[in-house]
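Pulled these from TrEMBL:
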TRANSMEM  6-25  transmembrane segment
TRANSMEM  46-64  transmembrane segment
TRANSMEM  70-92  transmembrane segment
TRANSMEM  104-124  transmembrane segment
TRANSMEM  130-151  transmembrane segment
TRANSMEM  163-185  transmembrane segment
TRANSMEM  191-212  transmembrane segment
Amino acid sequence: MAGISNHWAFVFGVLGNIVSFIVFLSPIPTFYNIYKKKSTEGYQSIPYVVALFSSMLWIYYALLKTNMPLLITINSFGMFIETIYVGLYLFYAPKKARVQTVKMLMLSVVGGFGAIILVTEFVFKGAIRGQVVGWICLIFSLCVFVAPLGIVRKVIKTKSVEYMPLLLSVFLTLSAVMWFFYGLLLKDINIAAPNVLGFIFGILQIVLYAIYSKKEKVILKEQKLPEIQTPGVIVKDHENMHTNKNKLPELTQEQIIDIVKLGLLVCSDKTQVATCPNDTNCGVKDTNNNVVNMPKLQTVA
């Protein structure tokens, strides 16, 4: 039975290494932006210093337990990559941020980790030493898993998931699941217990992302500008023209012919204009001196 548990512990440990490897590489886009901008403005070094300190603690704990090589492998990689992140941050950070980062490094990595090693090595002996370091790792891991509560609060307050990437939340949740089963199968509560909290907070972040990402889509859809409609040509039929009293009456065929004749006479360059006194008949003379009577147009009411 113990052999089966160790076998499955190895499987979950390998899976945990793979998922945690991806999690450790997730800040690469952030540092690519820092490299492009040549500045760390808008970014903080706290997550990378904390991750570096956490990796160092777990390596020390795994060395004391002597039967956790997979815990050593992933945290060795984590310590390596987090050191690079911190180094890049210090290189591009302004003076004030650089000083704060150095202070945190001295306080946590040098002072805190150094103090843990000194106390456990000289005060505690044998298995008790491993238990004490395990409790320290457990408490520190719980604090790390509680840290995303700040992001959760910000998402609820702003109703925006801009600062909570979905993929990172998913991989952190998967990592918590893998390491929980790894610790459970090895009967190590110091590994299993904090990952229960990690799993809960991971699921919470995914649920919040699902809720507020839908709300964001609805808000964006409502804020879209209305489409510009192309103007249409309105054509009224013959019956509607008759029903509208403000429209001009329809001309008869004879009136149209008279208007055409008048237009031809006015436009002719040889037309002679005749005056017409009062109600006497009037007309115009053509080229043969013949009088052409002008048509009498009806007034339009």
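Cβ atoms are placed via backbone N, Cα and C, with glycine included.
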Hey, which bits of the same chain come close to the transmembrane segment (6-25), Cβ under 8 Å, at least six residues off its ends?
51, 70-71, 73-74, 77-78, 81-82, 168, 171-172, 174-175, 178-179, 181-182, 185-186
Between the stretches 46-64, 70-92, 130-151, 163-185, 191-212, which one has more Cβ pairs under 8 Å with the transmembrane segment (104-124) than any other?
46-64
Which residues, given as numbers and ranges, are at least 6 beyond the ends of the transmembrane segment (70-92) yet have a Cβ under 8 Å from it?
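For the transmembrane segment (70-92), the list is 10, 13-14, 16-17, 20-21, 24-25, 27, 31, 34-35, 38-40, 43, 45, 48-49, 51-52, 54-56, 58-59, 61-63, 98, 101-102, 105, 182, 191.
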Could you give the residue numbers and ranges of same-chain residues that sit at least 6 residues beyond the transmembrane segment (46-64) on either side and whose C-beta is under 8 angstroms from one of its C-beta atoms?
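Cβ under 8 Å, 6 or more out: 24, 27, 71-72, 75-76, 78-79, 82-83, 85-86, 89, 101, 104-105, 108-109, 112-113, 116-117, 129-130, 133-134, 136-137, 140-141, 144, 147, 190.
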